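Peer 1: Below: one structure in structure tokens.
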Amino acid sequence: MKSAVLLLPGLNRDRDMIAALTKISGEPPVTVWQTETEIPDVDLIVIPGGFSYGDYLRCGAIAARMPVMEAVRRKAQAGTRILGVCNGFQILVEAGLLPGALMRNASLKFVCREVRLEVVNANTVFTGRYRQGDIIRCPVAHHDGNYFAARDDLAKLEDNGQVVFRYAEGTNPNGSINDIAGIINEAGNVLGMMPHPENLIEAAHGGTDGEALFAAALEIAA
Amino acid sequence: MTIPNEIQITPDLIEAHGLKPDEYERILELIGREPTFTELGIFSAMWNEHCSYKSSKKWLRTLPTDGPQVIQGPGENAGVVDIGDGQCVVFKMESHNHPSYIEPYQGAATGVGGILRDVFTMGARPIATMNALRFGEPDHPKTHHLVAGVVAGVGGYGNSFGVPTVGGEVEFDARYNGNCLVNAFAAGLADTDAIFYSEAKGVGLPVVYLGAKTGRDGVGGATMASAEFDESIEEKRPTVQVGDPFTEKCLLEACLELMQTGAVIAIQDMGAAGLTCSAVEMGAKGSLGVELDLDKVPVREENMSAYEMMLSESQERMLMVLRPEKEAEAEAIFHKWGLDFAIVGKTTDDLRFRIVHQGDEVANLPIKELGDEAPEYDRPWRETGLYSPLPADQIDEPEDYGAALLSLVGSANNASRRWVFEQYDTLIQGNSLQIPGGDAGVVRVDGHPSKALAFSSDVTPRYCEADPFEGGKQAVAECWRNLTATGAEPLAATDNLNFGNPERPEIMGQLVKAIEGIGEACSMLGFPIVSGNVSLYNETNGEAILPTPTIAGVGLISDWSKMATIGGANDGDVVILLGGDGTHLGQSAYMRDCLGQADGPPPAVDLYVERRNGKVVRSAIRNGQFTACHDISDGGLALCLAEMAIASGKGMKLDIDSEIGPAHAQLFGEDQARYVVTVSSELANFICINAEGAGVPFRRLGTVGGDRLTMGDLLSISVEELRTAHESWFPDYMDGTAAQAGEG
């Protein structure tokens, strides 16, 4: 399956993401620059992490209003798989493709460390290679990962199984509500998550727990 | 509206520009007339200590800067060192001390931005940064505020720019109460045949301004950084620049793209003294004149004078000499990244630095003399008095060894720096093999199957204060040793020399002797200095900082799968001390933290022994014979073992033989050139025989296992208790119990 990576000025884990997708799928993803209005036919579109446009306004707010995001929205509606990691998650939320908001970390500080994630829903196109309840390792690196959703939205997310990843007990690095680390849209094709699975896919990273997510999303033969 | 350039030059104005009367006489002699206001500003920018190295140049020349691995030594934006396979590592360390004390967040942030620019100006993609930070005593009213601001600033810039911070130092001492130190290091990777230099070539070629717009921020910053502080420090806040890491990230990508097109003849970042310094350096190096038309300079404020434009230290800017036929292609790249691209002048053959503003020539100066004829001083200096020997048996033993180790492991200066480094992105780029907390940071060489680079930053200022020569040697040796402890072959280093007022002979003496010590160690260890920076006048109200010659080194690991870490020990492994027993307690962390004393000479560094021991350690690591390795430094053997136990989560049971010498010297002595290693029990004899054969003293201390660190009958502490003590100090100080320290 083919993938694409969005390139917006200020994103900085684009190279990590491209390296991960290339390593796992055996071919480099196509890249899509901020000004493009069409996205080529691919099966997975990834919005990587970073600080798009400096994030000098609310994180992801400017990116969400760029023309290229209209193209992403059309692809999402057509059922293409979309993955937003870190700033990518913030952008998806700002673009209204996922509910809720990502606020400043409760500590008010940037945090980079390894956390553990519970796979709350293994029944998605992104998490099918994990087992329900698996606890996996994954690094985080963000300043604004404190997920929040209004009561009704939150209830809906929880009831529909849209909470995909939760920080395992005692490892929530940002104060997110219900320890939420990653959520999926109702249709099940748009996943946003704060942690960085692309930084834990090979021996040099000290582990490969992130690999299964990309392998599932790209339907790589196991 | 026209902006006046005719401001009367008075002695007060000259003094306010940091120029001494004899320096002003020299200006009159050079140009044969009174300078204009803009010209005075230009001279002040070029001739201040920060840009001209006028007090240190004579001594810096004595440092060893050559080696077969060195592609570019000092004098360019950064040093360049060969790592084989057609690639090189480009690196430098630079201080941003004065601005960080005045405005900690932006001071530190722009320090990181400046050093990153130095590296990518040369065509290298930054792959690692480190930061050596020094603050006043923890309960000084300003310290808490400075630590919070500096750490957030370092993280705020580096995290957004997208480079992993893999190492550094954080130290507290009352002698930094009035002047904190922020020394920022960056390293990048480049192809050896695609390195870019600042030397302009060719007459009549366009000089292009790249990056962000020019504002009034930072006007006079370099002059400020060349003066002592007093109570008027708050007035200096407008001289601190404001950083924009987003623009810097775009500038990085645009510059690297541009360099691939072949458009760049010469390129120089605008750092201290902005447009002035970059233009003069490019012209003077290439023996060319430069003419600038300031009406073409992209500005973000109205009615800026020539003086302000020439001295602005607005960040994220570059100056380039362009191949004219590539103009359209180059401009398109910069516009794609949303950056300014403006032809602001040209190279000339008359060796003049001419500035035109609103049709008037506001400056016309000899370009070579501006750079090369800067004053150079042979300042009087005197050697500081040295301490008499202080045998360990004259130093008190602790009443309770366990309590002593716990207080060391959890002291302000030895406690875990996790609170700091978790605010830095240590993992971005996906190549980090060792993050802060070990002996050195290690990153893979992207695209190579087995190579990696190791980075360490070191200096022990209290040793330098007690004996600047030995302290200078020790800073180099410890850096070299930390690289060695990962298995890396040390390649080269950069020095960041932080001292007080060089006009005082005792301070100048510290500088001279420290450089002498650094030079001797670098020669003996084959570890040349390829770049560096000097920061003087780190004094407030006449009190100087501890002499702090920070050394940041780079080493090459040929196969990272064999790399050693401090936490790799397995149950049943044998713990071996290499390099001899601890005997020396003078100036030790034990004396400072447990006895509240600073006395005696620092430990001497025998460079022959250092080299010999390091060679044995590196070769064993490369052969995969150690499961863990840690150098012995502050806190001696006991702290080294405690850190290894905490990192591996495993206990150790060790024998301490009181026949050998005083127990407190064995445990806490800071004798140099020593390592603790763990090896599988089958290999232990082999390692000991090897050490013996190489003449390296060794001692089998005991075995790894259990959940307690036990040292004979002197102490037995659970690893968990050690960890709690180690991890608690920083968060307690910053977040909670130390709130009484207040926000200064």
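Backbone N, Cα and C atoms are what each Cβ position is placed from, and that goes for glycine too.
Pulled these from TrEMBL:
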type	residues	note
ACT_SITE	B:His50	active site
ACT_SITE	B:His96	active site, proton acceptor
BINDING	B:Tyr53, B:Lys92, B:Asp495, B:Gly532	ATP binding site
BINDING	B:Glu94, B:Asn533	Mg(2+) 1 binding site
BINDING	B:Ser95, B:His96, B:Asn97, B:His98, B:Arg117, B:Gln241, B:Glu313, B:Ser314, B:Gln315, B:Ser535	substrate binding site
BINDING	B:Asp118, B:Asp269	Mg(2+) 2 binding site
DOMAIN	B:17-54	domain 'Phosphoribosylformylglycinamidine synthase linker'
DOMAIN	B:75-189	domain 'PurM-like N-terminal'
DOMAIN	B:203-356	domain 'PurM-like C-terminal'
DOMAIN	B:437-557	domain 'PurM-like N-terminal'
DOMAIN	B:571-707	domain 'PurM-like C-terminal'
Peer 1: Between the Cα atoms of B:His96 (active site, proton acceptor) and B:Asn533 (Mg(2+) 1 binding site), what distance do you get, rounded to the nearest Å?
Peer 2: 10
Peer 1: In Å, rounded, how far does the Cα of B:Arg117 (substrate binding site) sit from the Cα of B:Asp269 (Mg(2+) 2 binding site)?
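Peer 2: That separation, Cα to Cα, works out to 6 Å.
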Peer 1: Setting B:Tyr53, B:Lys92, B:Asp495, B:Gly532 aside, what same-chain residues sit with their Cβ within 8 Å of the center of the Cβ atoms that define the ATP site, listed in sequence order?
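Peer 2: For the ATP site the neighbour list reads B:Leu60, B:Pro74, B:Met93, B:Glu94, B:Thr494, B:Asn496, B:Leu497, B:Ile529, B:Ser531, B:Asn533, B:Val534.
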Peer 1: Say you check the Cα of B:Asp495 (ATP binding site) against those of the binding-site residues B:Ser95, B:Asn97, B:Glu313; which is nearest?
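Peer 2: The smallest Cα gap between B:Asp495 (ATP binding site) and any of the binding-site residues is with B:Ser95.
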Peer 1: Taking the domain 'PurM-like N-terminal' (B:437-557) as reference, which of B:17-54, B:75-189, B:203-356 has the most Cβ pairs under 8 angstroms?
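Peer 2: By Cβ pairs under 8 Å, B:75-189 leads among B:17-54, B:75-189, B:203-356.
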Peer 1: Of the residues named as ATP binders, B:Tyr53, B:Lys92, B:Asp495, B:Gly532, how far apart in Å are the Cα atoms of the most distant pair?
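Peer 2: Result: 16 Å between the two most distant Cα atoms.
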Peer 1: Output the one of B:His50, B:Lys92, B:His96, B:Arg117 that, of all these recorded positions, has the highest number of other Cβ atoms within 10 Å of its Cβ.
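Peer 2: When each Cβ's neighbours within 10 Å are tallied, B:His96 tops the list.
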Peer 1: If one looks at the chain holding B:Asp118 (Mg(2+) 2 binding site), which residues at least 6 apart in sequence have a CB under 8 angstroms from its CB?
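Peer 2: The answer is B:Asn77, B:Ala78, B:Lys92, B:Glu94, B:Ala186, B:Asp269, B:Gly271.
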Peer 1: Let's see if you can do this one: DSSP helix, strand and coil counts over the domain 'Phosphoribosylformylglycinamidine synthase linker' (B:17-54), in that order.
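Peer 2: Split by secondary structure, the domain 'Phosphoribosylformylglycinamidine synthase linker' (B:17-54) comes out as 26 helix, 0 strand, 12 coil.
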Peer 1: Report, in whole Å, the straight Cα-to-Cα distance of B:His50 (active site) from B:Asn533 (Mg(2+) 1 binding site).
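Peer 2: With distance taken Cα to Cα, B:His50 (active site) is 8 Å from B:Asn533 (Mg(2+) 1 binding site).
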Peer 1: Would you give the longest CA-CA distance, in whole angstrom, between residues of B:Ser95, B:His96, B:Asn97, B:His98, B:Arg117, B:Gln241, B:Glu313, B:Ser314, B:Gln315, B:Ser535, the set recorded as binding substrate?
Peer 2: 20
Peer 1: Over the domain 'PurM-like N-terminal' (B:75-189), work out the mean pLDDT and round it to an integer.
Peer 2: 97
Peer 1: Residue counts in helix (H, G, I), strand (E, B) and coil for the domain 'PurM-like C-terminal' (B:571-707), per DSSP?
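Peer 2: Here the numbers are 56 helix, 24 strand, 57 coil.
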Peer 1: List only the single closest residue to B:Gly532 (ATP binding site), chosen from the recorded positions B:His50, B:Ser95, B:Asn97 by CA-CA distance.
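Peer 2: When the Cα distances are compared, B:Ser95 comes out closest.
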